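S.K.: Below are the features I grabbed from Swiss-Prot:
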| type | residues | note |
| --- | --- | --- |
| BINDING | Cys270, Cys273, Cys305, Glu312 | [4Fe-4S] cluster binding site |
Amino acid sequence: MQHESPIIRRKSTRIYVGDVPIGDGAPIAVQSMTNTRTTDVEATVAQIRALEKVGADIVRVSVPTMDAAEAFKLIKQQVSVPLVADIHFDYRIALKVAEYGVDCLRINPGNIGNEERIRSVVDCARDKNIPIRIGVNGGSLEKDLQMKYGEPTPEALVESAMRHVDHLDRLNFDQFKVSVKASDVFLAVDSYRLLAKQIDQPLHLGITEAGGARAGAVKSSVGLGMLLAEGIGDTLRISLAADPVEEIKVGFDILKSLRIRSRGINFIACPSCSRQEFDVINTVNALEERLEDIITPMDVSIIGCVVNGPGEAEVSHLGLAGSNKKSAFYEDGKRQKERFDNDDLVNQLEAKIRAKASVLDQANRIDIKQED
C-alpha cells in the first residue's frame with residue numbers, strides 16, 4: 001500500500017511555470033526536453049504530446065534562432081503542457097518568445113549581453129509573469145572561474161550561479177529557480193547541497209549528460225536520489241541519450257521509489273527462480289507495457305511462488321502468489337476465492353488492475369495542480 005514519505009523537504013519560495021506550482025512544498029515537477037529540430041513544428045508538437053501522455057509536467061524546448069522562435073509560436077498554440085524556452089546569447093529571442101506565451105525562460109543572465117539587455121529581458125518577464133531558470137553547467141563555466149578553480153568544483157558552480165542570482169537580485173526579480181548540473185554525480189550533489197544553503201529559491205535537479213538509457217538512469221537515480229532523500233529539489237529532469245519519453249518514466253520511478261510522488265503502478269516483482277510457477281519476467285513486462293496509460297498510484301505485487309508471494313500481496317492493493325497451475329489472487333491484502341489460470345495471467349491481471357484503478361480514482365486522472 002502507499003505510505004507517506006519520511007523525507008522533510010527543504011523550504012523554498014513558490015513560483016509558477018504556467019499553472020504548475022514549483023517550490024514551497026508543491027509536488028516535485030518532472031520535466032524533459034525535446035530533441036527535435038524546433039523549426040520542425042510537426043515533429044516537435046508530436047514529441048511534446050508524447051511526453052505529456054506519460055506525465056510530463058513541463059517540457060523545455062531549445063530556441064536558438066529567430067526562426068525557431070517563430071516555430072515556437074506555432075508549437076505553443078498546439079500543446080497544453082507548460083513550455084520552457086531554452087535561450088542563449090541573443091536576448092531578442094527571449095523577448096520574442098515572451099510575446100508568444102512562453103511559460104518560463106531558461107537563460108543565464110551573464111551570457112545574453114550587457115546590463116541593459118538583461119534588464120530588458122527581466123522587465124519583460126516581470127510584466128508577463130514569466131519565471132526564469134538560471135541554468136549552470138559544469139561543462140560551460142565562465143573562463144575566469146575555470147582559471148580560478150582549475151576545474152569544475154562545487155564552489156565554482158555555485159559561484160557562477162550566484163553571479164546570475166545577483167543579476168536578478170539587483171533588478172528586484174525573485175521569480176526564478178536555479179540548477180547547477182554536472183555529469184559527475186558527486187560534483188552535482190555537492191554543488192546542489194552548497195547552493196541549497198545559500199538561497200531560498202526552488203532548485204531544478206539534474207545530472208547533465210548522464211549517458212544512455214541504462215547507465216544514465218542509474219547515474220541519475222544515484223545522484224538525484226541522494227539529494228531528494230535530503231529534501232533538496234523542486235523540479236527534476238533525467239538527462240538521457242535516449243527517447244525523452246524515457247526521461248519522464250525514470251523521473252517518476254525515482255520519486256515513486258522515495259515515496260515522494262506516486263504516479264501509475266508500482267510493480268513489486270520477484271527476480272524469479274526455479275520456484276516460480278509462472279513466467280514472472282514476461283508477465284511483468286507485458287503488464288508494464290499494456291498499463292502505461294494508468295496513472296492512478298497503486299501497488300501490484302507479482303511473485304512467482306508461495307514463499308514471499310502472500311506476504312507481499314498482503315501489503316499491496318492487488319497481489320498474485322504463484323501456485324501450481326492456478327495462482328492465488330489478493331485484493332487489499334485479503335486472499336480472494338478466485339484463482340488465476342497461470343496460462344492467462346496477463347489478461348486476467350490487466351482487467352483486475354484497470355478495475356481497481358477506476359475504483360481508486362474514478363476520474364482516472366491525477367495532476368500536479370490537484371496534488372498541491
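Backbone N, Cα and C atoms are what each Cβ position is placed from, and that goes for glycine too.
Quick one: how deep are these features, and who are their neighbours?
M.R.: All protein chains included, Cys273 ([4Fe-4S] cluster binding site) registers 10 other Cβ atoms within 10 Å of its own Cβ.
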S.K.: For the [4Fe-4S] cluster site (Cys270, Cys273, Cys305, Glu312), what does the 8 A shell look like? I mean other same-chain residues with CB within 8 A of the CB centroid.
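M.R.: Close Cβ neighbours, site residues excluded: Pro271, Ser272, Arg275, Gln276, Val280, Ile303, Gly304, Val307, Asn308, Gly309, Gly322.
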S.K.: For a quick check of packing: other C-beta atoms within 10 Å of the C-beta of Cys305 ([4Fe-4S] cluster binding site), how many?
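M.R.: Its Cβ has 20 other Cβ atoms within 10 Å.
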S.K.: Looking only at Cβ atoms, how many others are within 10 Å of the one on Cys270 ([4Fe-4S] cluster binding site)?
M.R.: 20
S.K.: What same-chain residues, at least 6 away in sequence, bring their CB to under 8 Å of the CB of Glu312 ([4Fe-4S] cluster binding site)?
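M.R.: Glu312 ([4Fe-4S] cluster binding site) has long-range Cβ partners Ile268, Ser301, Ile303, Gly319, Ala321.
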S.K.: Should Glu312 ([4Fe-4S] cluster binding site) be counted as helix, strand, or coil on the basis of DSSP?
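M.R.: Where Glu312 ([4Fe-4S] cluster binding site) sits, the three-state DSSP reduction gives helix.
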